[in-house]
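Database features, via Swiss-Prot:
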{"type": "DOMAIN", "residues": "9-254", "note": "domain 'ATP-grasp'"}
{"type": "BINDING", "residues": "Lys46, Gly53, Arg54, Gly55, Glu109, Ala112, Glu117", "note": "ATP binding site"}
{"type": "BINDING", "residues": "Asn209, Asp223", "note": "Mg(2+) binding site"}
{"type": "BINDING", "residues": "Asn274, Gly331, Ile332, Met333", "note": "substrate binding site"}
Amino acid sequence: MNIHEYQAKALLKSYGAPVAEGVAIFSADEAAAAAKKLPGPLYVVKSQIHAGGRGKGKFKELGADAKGGVRLAKSADEVVAHAREMLGNTLVTKQTGPSGKQVNRLYIEDGADIDRELYLSILVDRSVGQVAFVVSTEGGMDIEAVAEHTPEKIVTVAIDPDKGVTADDLKTLTEALKLDGEARADAEKLFPILYKAFVEKDMSLLEVNPLIVMTNGRMRVLDAKVSFDGNALFRHEDVVALRDTTEEDEKEIEASKYDLAYVALDGNIGCMVNGAGLAMATMDIIKLYGAEPANFLDVGGGASKEKVTQAFKIITADPAVKGILVNIFGGIMKCDVIAEGVIAAVKEVGLKVPLVVRLEGTNVELGKKIINESGLNVISADDLDDAAQKIVAAVKGA
């Protein structure tokens, strides 16, 4: 689960992290009052969406020369002007896809005099099975680009869960970031605070980009991105209360009600598969044959007929879907259950696009028999390669 920047900063501030003063607003009418609550004279007006690249993003409704989703303002009047232009419009960034996200809230924050921009994140490093800090002196830019072009500028420090952040860890981190004086002292206080927040709140990612050193030598969390482990949310009612469902895909929300693993993508071939590995392989082979998957959808190993029906309905509700591939390898999941669920869904919502079904495993003959006797216009496939070729050909020929 993701939260907005202003929520992440409030959470980190509650642990003692240094963040600037700021006010979240939901309408342009609140902008002037928000600015008056801050010291000024420099303000930052930040679009609050669950996506990165806001500063370089562009609003669909505005001209090509319009400023992006993060703007500087030198007066309260300028804050108001930015708010009126940004709220309600659609911000397109490298992470939103071409459809973008509507900006429904802004964060008005006190400006900062920046001397250096650094990068810091905390995540689970699965290669060592520990929580790890990832830091770089190259802050304020895409860490992926740094990793690609200058990987030597990224330092990873795994934290022993029994010891927490030790003095040796702090020495390694502060030296990697080339910190000294007050900035180093601030970092030695901040890093254990961030680690504590990460662990106590069951985060899956805590990213501060940039973490800045100001001209006065002090450190500040200038931006914050926080994601939480969805499997641990039952322990954190306060975190669940921060959820903004308007930032989530409606189909993903609907899928979660039925315990379906669904992720919306930008392609036009809907996929219904059992097992995450097989689902990823299915998406890969669709791309191999020149098409793009519209979703990742794993119905799991013990899905019922009703669950399969809902999964199929979620796929068909996506107007971008021009064809559907059902790829099932039955183990715990029985092929006849899949067949019954697909047929029930088609009878309820209709079938307006090509449908390719590949079944293998437990009760496969019964599953095929159910589909063949259903009277539906279903294209059968013998294996994954055959299925991918058939659905791509059917969509391109439609």
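Any Cβ shown, glycine's included, is placed from N, Cα and C.
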C-alpha spacing of Gly53 (ATP binding site) relative to Met333 (substrate binding site), in angstrom: 41
Largest separation between Cα atoms (Å) of residues that the record links to substrate, namely Asn274, Gly331, Ile332, Met333: 10
Average model confidence [pLDDT] within the domain 'ATP-grasp' (9-254): 95
Cα-Cα distance maximum in Å, computed over every pair in Lys46, Gly53, Arg54, Gly55, Glu109, Ala112, Glu117 that the record assigns to ATP: 20
For Asn209 (Mg(2+) binding site): intrachain residues, at least 6 apart, with Cβ closer than 8 Å: Tyr119, Leu120, Ser121, Gly139, Gly140, Ile143, Asp223, Lys225
Inter-residue C-alpha distance, Glu117 (ATP binding site) and Asn274 (substrate binding site) (nearest angstrom): 44
Cβ-based isolation winner (fewest other Cβ atoms within 10 Å) among the binding-site residues Lys46, Arg54: Arg54
Most crowded position, judged by CB atoms within 10 A, among Glu117, Asp223 as binding-site residues: Asp223
Rounded to the nearest Å - Cα separation of Gly331 (substrate binding site) and Gly53 (ATP binding site): 42
Other CB atoms, at most 10 A from the CB of Gly55 (ATP binding site): 16
Length of the line joining the Cα atoms of Gly53 (ATP binding site) and Ile332 (substrate binding site), in Å: 42
Among Gly53, Gly331 [binding-site residues], residue with fewest other Cβ within 10 Å: Gly331
Cβ neighbour count (within 10 Å, all chains shown) around Ala112 (ATP binding site): 16
All-chain count of other Cβ atoms within 10 Å of Met333 (substrate binding site): 20
Rounded to the nearest Å - Cα separation of Lys46 (ATP binding site) and Asn274 (substrate binding site): 41
